[in-house]
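Residues or ranges marked as domain 'Photolyase/cryptochrome alpha/beta' by TrEMBL: 24-162. Summarising the annotation, TrEMBL assigns FAD binding site to 275-279, 316-323, 414-416. Positions annotated as site 'Electron transfer via tryptophanyl radical' by TrEMBL: W347, W401, W424. Among the features that TrEMBL reports, region 'Disordered' is placed at 536-558. The compositional bias 'Basic residues' annotation in TrEMBL covers 548-558.
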Amino acid sequence: MQLSLCLSKPAQHLKNPLMAASGSGSIIWFRKGLRIHDNPALEYASKGSDFVYPVFVIDPHYMEPDPKAFSPGSRLAGLNRIRFLLESLVDLDTSLKKLGSRLLILRGEPGQVLTRCLKEWGVKKLCFEYDTDPHYQALDIRVKEYASAAGIEVFSPVSHTLFNPADIIQRNGGKPPLTYQSFLKLAGQPSWASSPLLTSISSLPPVGDVGSCEISEVPTIKDLGYGDIEQEWIPFRGGESEALKRLKESISDKEWVANFEKPKGNPSAFVKPATTVLSPYLKFGCLSSRYFYQCLQDVYKNVQKHTSPPVSLAGQLLWRDFFYTVAFGTPNFDRMEGNKLCKQIPWNDDDELLAAWREARTGYPWIDAIMVQLRKWGWMHHLARHSVACFLTRGDLFLHWERGRDVFERLLIDSDWAINNGNWLWLSCSSFFYQYNRIYSPISFGKKYDPNGDYIRHFLPVLKDMPKEYIYEPWTAPPGIQRKAKCIIGRDYPKPVVYHDSASKECKRKLAEAYALNKKLNGQLSQEDLDNLRRKLEQDEDQEPKIRRQRQKVGHLT
């Protein structure tokens, strides 16, 4: 499948792009879906309209600095994701200008801004991509109610996912499917899969008169109040143009696409990542997941054999839809309390351990290197995410998955409400996956892929001269080796915050008791039940060293 946006030269009316609106007009409200290709809302807005207003509203809560946050960024997003969004908006504006239009940037609370625009511009249609995120669900209800009362047509198509989550849930009797295989059976083939998607637009109607609404260009990081903050070099740039370039590069290697198996990726590969790294572009809708899916199907048709879901590349898009569907149909999906899918577990609450994990100070180089990559790049391989999520929750620290979710939500450029929460539920063994005895070792797992520790040396340069025999366990290096490597453990690099062998055993014991109580009470645990279990687990933990000492004493006497 060839993609050509057919972006023509700027139309003549761009010399005075804000025309007086005397005919019928439409608003295309961009939130995600920051693209021209396969954009049904944009297509519908332009049909039969004399004027089209492409709008993006900058929400101060999402974009402007929060000095109280643990990393540079706003109250809701880290600086890397804000930067990626701004780059995507600049790219979208450039594409719109080539089609004879432009992106209208407004500031304020989105609901209030949109209702004012609807009132002042006198449009007949409001078009925007449907969003299952609870924040947008609540916002969209408000905007739709106003539009309906004003006699304005609202068109909100599902184009961020392959399927409409509501349709899947309806086919399942009103409940979301809770396994990937059951989801696949219900979903079948997408209804649009056999029809060509609209990937070519030659022009758009001009922008109408904006009246008294204050329109601006896409702001820079500095414009938003971040000053001259120094940003890390990041290998990912936002925007549809970059997304399509990356997609083209990925699918050009047909053998790689055909043989892709997600579990076999290398989490330590950073010079050239072992995946497509298209997730940030899917998150912001710079790349249509539907177009990506069709491109993959074209490759599969032209090879003798290929991998299948759940491990294939197409399978990863279906995993995305699975989490979207379950999240949409599950109240309180983003928390333990009130979430019927989530095991009720009395996680520990330790701010110091959380900070050590978040700030790459655990003393485990594999874990810390991943967290440095997260902070610097806003992205890491999915198996690297698995490693640090397991370490924080069921593997070593036994801290609440919601705390880790919040860190990922802030720092990941591809953070997605449904997928981020779904993965943390999975990796903490709170839902979907319950084999809590299977743990990612913070030592041996990374060593399997990168025995020399090149990934660690890159992201933790303090360890760059540590011999490979000790790179994953530097606390075991003799003092002379540490001095030679110019890295004294406990001074230049921290000692382990816990010892993995004993910590993982404690985590397994606690989870076993929590699972047993969940089974006994059919998952209906009260806060009192959790508090009582927490006290019992703490008492058992206090008793364990005494029991161990008694066993050692008995063993010595015999």
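The count begins at 1 with the first shown residue.
Placement of Cβ uses the backbone N, Cα and C atoms for every residue, glycine included.
Fewest Cβ neighbours within 10 Å among the recorded positions W319, F323, W347, W401, W424: that distinction goes to W319.
Ranked by Cα separation from V277 (FAD binding site), the recorded sites W347, W401, W424 are led by W424. Mapped onto three states, the DSSP output places V277 (FAD binding site) in coil. Looking only at the recorded sites W347, W401, W424, the one with its C-alpha closest to T275 (FAD binding site) is W424.
For S279 (FAD binding site), the nearest neighbour among the listed recorded sites (W347, W401, W424), judged by C-alpha distance, is W424. Taking L317, F323, W347, S415 as the recorded positions under consideration, the smallest Cα distance to W401 (site 'Electron transfer via tryptophanyl radical') is found for W347. For the domain 'Photolyase/cryptochrome alpha/beta' (24-162), the mean pLDDT of the prediction comes to 96. With a 10 A radius on its CB, L317 (FAD binding site) counts 20 other CB atoms from all the protein chains.
Summarised by DSSP class, the composition of the domain 'Photolyase/cryptochrome alpha/beta' (24-162) is 59 helix, 28 strand, 52 coil. Secondary structure from DSSP puts S415 (FAD binding site) in coil.
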